[in-house]
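First up is the structure itself, then whatever we jot down about it.
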């Protein structure tokens, strides 16, 4: 006991109480003589002298460290002191849901304002770039909010995004503008067939410039509109330029687009251009434009909606994946075989489009505005000639030969194509 009291490391524990025979006694009073012989006790310290605080971070486990500090917001005061405050409960819940956004059952009926914040939080965490989980999460939003997620999609020259994120692109609904120029789709591409689905019946502007399309692709794209009266029935603008495999026969499939106001068929494989102009004017009222139309300069078609930044993330991921390929020789050999240029950081231009625009004039068509009611009336002779022409056309339509022609207008390939829907 004496050794303990005389120890230099002794720290005063304070008063000590002992209960004896039902009475409480202070032991320190009995040790007054001993205390007097000792040196003055040192003041009680919570930490020894020289104690310092050091902020240590375990860099090996960033996730665990993030979970510990994610509940606080660190700010600096005017004096330069670090101050932290707790996040709101809404922010904590929003962060937790965005980390597990792919496990949400449904967002139908959820407020749009909260859903937009949830979408932005998941986008900041790059949840939509994850394979599998990103697609499931994106489908939940597109099913509930449609055009709010994306109303306009521009994939011009982004053939890598189309190849890598095809299912994600197909999940978008209620698009009004879609630009797939210079994506090398071809007639048998899955995305071309997806254009005829009911989910994209809202598309009014479609750009398919330089996509290796032919008459077969145009026939497939217009089959639902021609027979079932569904699909791209609301289309008002169509760009089919720089597809040299489209001939005069393929243009005939476009007559089913009754709402079409602008059409670009420059650089196609037309032989009788004058006959095509007359047919377009007669069937759907489109007139050849002598000057380039501003609707086809691609300045108005942009990616708009909540997911506009996600498309950029997809592009960065796709380009990075191509750069990280360890064995580029097979790809270079394939590019040499197909006479394609090597990938560069800059977006790919359409050399085919430039050659066609330089070699021949543009074939762009537009719908003339209806004449104003204040314009002078037509003469009686012009009225009679129009009436006579209309009666002759009615007689031709009512004849049995014309009825037979209507029945035979669909080929066997068309019926096979329609049966596949």
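The backbone N, Cα and C atoms fix where each Cβ goes, and this holds for glycine too.
From a predicted model like this one, the values you see are computed outputs, not experimental measurements.
Helix, strand and coil counts from DSSP across the repeat 'LRR 1' (149-170) read 11 helix, 3 strand, 8 coil. Annotation source Swiss-Prot lists repeat 'LRR 1' at 149-170.
Taken from Swiss-Prot, the feature repeat 'LRR 2' covers 174-195. Sequence-remote contacts of a segment are chain residues at least 6 beyond its ends whose Cβ falls under 8 Å from one of its Cβ atoms, and for the repeat 'LRR 2' (174-195) they are 146-147, 150-159, 162, 166, 202-214, 216-217, 220-221, 231-232, 239, 298, 300-301, 348-350, 353.
Residues 147, 156, 174-187, 192-193, 195-196, 231-232, 234-243, 245-247, 249-250, 253-254, 256-257, 264, 298, 301, 350, 352-353, 413-414, 417 of the same chain lie 6 or more positions beyond the ends of the repeat 'LRR 3' (202-222) yet place their CB under 8 Å from a CB of it. Residues or ranges marked as repeat 'LRR 3' in Swiss-Prot: 202-222.
Per-residue confidence over the repeat 'LRR 4' (234-255) averages 94 (mean pLDDT, predicted model). Among the features that Swiss-Prot reports, repeat 'LRR 4' is placed at 234-255.
Taken from Swiss-Prot, the feature repeat 'LRR 5' covers 259-280. Long-range contacts of the repeat 'LRR 5' (259-280) within its own chain (CB-CB distance under 8 A, at least 6 residues past either end) are made by residues 209, 233-248, 250-252, 286, 288, 293, 295-296, 352-353, 356-357, 360-367.
The region 'Disordered' annotation in Swiss-Prot covers 374-406.
Residues or ranges marked as phosphoserine by Swiss-Prot on the basis of similarity to another entry: 399.
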Surrounding residues of the repeat 'LRR 1' (149-170) on its own chain - C-beta under 8 Å, 6+ positions past either end:
119, 128, 134-135, 138, 141-142, 176-185, 190-191, 194, 207, 298, 301-308, 311, 314-315, 317-319, 321-322, 347-350
